[in-house]
Structure formats: C-alpha cells, structure tokens
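Enquirer: Let me begin by handing over the structure; questions about it come next.
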Amino acid sequence: MNTCIQLLILCLVTVINSENSTDHSTENTIENETEDVTKTELLKTIENETENVIETELPETVETEIQTEALNLPQSPEQRYCRSKGQYCSRTYFHRCCGNLVCQLHGFFNGTCVDCLAERKFCIWSSECCSGRCRLFRCRKNTHVKVIHY
C-alpha cells in the first residue's frame with residue numbers, strides 16, 4: 001500500500017516537472033490540482049484501483065510458477081531449511097538436504113540433493129556414498145564384496 005502511494009506521488013511529481021519544463025501556461029492549474037488533492041483522496045483512489053484488479057488479469061506463467069513453488073516448499077516447520085531431491089544445496093545449515101539425502105557438490109558451495117554419491121565424488125562420511133566407502137574424501141568402490149554361493 002505504501003509503495004502504491006509512493007508511486008502515485010512520484011507520477012504526480014514527474015507530471016508536474018514535465019509540464020513545468022514544456023508549458024508554463026498550465027503551471028498554475030497543475031499546482032491548483034495538486035493542492036486540492038488530499039491524502040485521503042489519494043488513499044481512496046488507490047483502494048478503488050486495487051479493488052478493480054481481477055485474478056484473471058495475472059499472467060498464466062505467474063500462476064504456474066506459484067503452483068510449482070508451492071510444491072517445492074517443505075511440509076513441516078522443521079524442514080524449513082532443508083531441500084528435497086534434485087534441489088540446490090550447499091552443505092550448510094541453511095541449504096542442506098532433507099532426511100537421508102546427501103549434497104553432491106558441483107562447485108564451491110554449489111550442489112544438488114541426491115540419494116547417494118557415486119564413485120569418485122567428494123564425500124566426508126562413508127554413509128554418503130552408494131558404495132558405503134569414503135576414503136580420502138572420495139567415494140571408492142567397495143572391494144569387500146561378499147560372494148554368496150548357492
């Protein structure tokens with residue numbers, strides 16, 4: 001609401017300035033009109049204009065963007081800072097992955113949430129790797145494979 005008032009005042013000032021620079025004969029009428037306008041009249045006109053806005057006037061892209069963003073929102077308050085699978089993560093508290101997902105980094109504090117890390121991806125703990133083995137900050141192939149004979 002305050003921004004609407006500021007925009008309306010800014011428009012009035014620009015109209016006054018443009019009229020003053022182009023035509024000096026209308027200077028007195030513009031000043032009289034601006035003096036007659038009170039703050040309550042400005043508020044009433046802004047309220048009337050905002051009431052006339054219909055939902056169908058919004059572009060379809062805005063509506064679909066709002067729907068897709070609503071799907072990506074965390075469902076509970078404790079998931080406020082965590083991201084779901086495929087979303088951006090940075091391995092920080094504010095951009096961490098939810099649940100058992102891990103952050104696969106593509107750059108410095110730039111990654112994507114995945115189920116587990118593939119071979120030769122940056123890791124800190126063995127639980128992050130699909131193979132279950134993290135060695136020297138890289139996921140390694142699990143060489144300890146149990147062979148079960150039937």
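For all residues, glycine too, the Cβ spot is worked out from N, Cα and C.
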Enquirer: Just confirming the record: what cysteine out of Cys129, Cys130 does Swiss-Prot connect to Cys139 via a disulfide?
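Expert: It is Cys129, per the disulfide annotation in Swiss-Prot.
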Enquirer: With Cys130 as one half of a disulfide in Swiss-Prot, pick the other half from Cys116, Cys123, Cys134.
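Expert: Of the candidates Cys116, Cys123, Cys134, the one Swiss-Prot pairs with Cys130 is Cys116.
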Enquirer: Among the recorded positions Asn110, Cys123, Cys139, whose Cα is within 10 A of the Cα of Cys130 (disulfide bond)?
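Expert: Near Cys130 (disulfide bond), where near means Cα within 10 Å, the recorded positions are Cys139.
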Enquirer: Can you see whether DSSP assigns Cys123 (disulfide bond) to helix, strand or coil?
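Expert: Assignment for Cys123 (disulfide bond) reads coil.
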Enquirer: Where does Asn110 (N-linked glycosylation site) sit in DSSP terms: helix, strand, or coil?
Expert: strand
Enquirer: Identify, in sequence order, the residues in the chain of Cys129 (disulfide bond) that are 6 or more apart from it along the sequence and have a CB within less than 8 Å of its CB; answer 'none' if there are none.
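Expert: Spatial neighbours, sequence-distant, of Cys129 (disulfide bond): Cys116, Leu117, Lys121, Cys123, Cys139, Arg140.
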